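J.: One structure follows; several queries about it will come next.
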Amino acid sequence: MKIGVLALQGAVAEHVRMLEEVGATAVPVKKVEELDDLDGLIIPGGESTTISKLMHKYGFMEAVQEFGKANKPIFGTCAGAILLAKRIQGQDDCHLGLMDIKVERNAFGRQKESFEVLMPVAGVAADYPAVFIRAPYIMEVGENGQVLAKHEDKIVVARNGHYLAAAFHPELTEDTRLHKYFLDMVKEYRS
Ligand code: GLN
C-alpha cells in the first residue's frame, strides 16, 4: 500500500516513519501529481489556516477533494481533521469539506494547550497514548459516522466511511496502532 503524507507544513516526517513501521510505503507529498498513484493520504497537524492557504496556492484543494470523492481513504490529524471537516464552529466556510463532522478549533482551553492521556480508541487500543497540542474537538459526527474515542465527553476520534479524523497527534509517540488501523482501512477500500 502506498500512503502519502501531505507535506506542506506540520508533522510530516513523523507520520512517514510511523507508516513505514506498519509496513506501508510512505511518501511525503509536495506536488499534486504525487497523489495519482496513492492508495491513501494523511493530512498532518500543524496550523489549519496555513495549510489551507498552501493547499490553495499549490492546487491541492481540488485535487484532494477528488481524491476523497474517488473513495480513497484520508486520515486527518489535528489541523488535518479541521481541514477535512464539513463544518467549523464559528465559521461560515470550511476547507476541504469532505468529512461529515463539525469541529471546534482550540477546544481544550489555554491552560491545557498541550497534554497527553491514555484513552481507549474503539477497534484500535484500550490504552492509546494521545498527545493533544492546541487540539480541536469533534462536536458532531454525521449520519453513518462512528465515534471511536472521547476525552472528557468530547469526541476526539471519528470515522465516517473512508474518512478518519483524530483531534490529537498520533505520530508523536512510538505507538503505531492508529496508523495500523488506517492502513487496514486503506487495504479495505483498495480491494
Ligand atoms: N490549533 C491548530 C489549528 O487550528 C491545530 C493544532 C495542531 O494541529 N496541533 O489549526
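All residue numbers here begin at 1 and follow the chain in the order shown.
Each residue, glycine too, has its Cβ placed from N, Cα and C.
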J.: According to TrEMBL, Gly46, Glu47, Ser48, Ile133, Arg134 bind L-glutamine; which one of Arg105, Arg159 is listed for that same site?
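T.: Same L-glutamine site in TrEMBL: Arg105.
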J.: Ligand 1: which of the recorded positions Ser48, Arg134, Glu171 have a Cβ closer than 6 angstroms to it?
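T.: Correct list: Ser48, Arg134.
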J.: What Cα-Cα separation, expressed in whole Å, is found between Ser48 (L-glutamine binding site) and His169 (active site, charge relay system)?
T.: 14
J.: What three-state secondary structure does DSSP assign to Ile133 (L-glutamine binding site)?
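T.: Going by the DSSP assignment, Ile133 (L-glutamine binding site) falls within a strand, counted as strand.
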J.: What does the structure give for the C-alpha distance between Cys78 (active site, nucleophile) and Glu171 (active site, charge relay system)? Integer Å is fine.
T.: 11
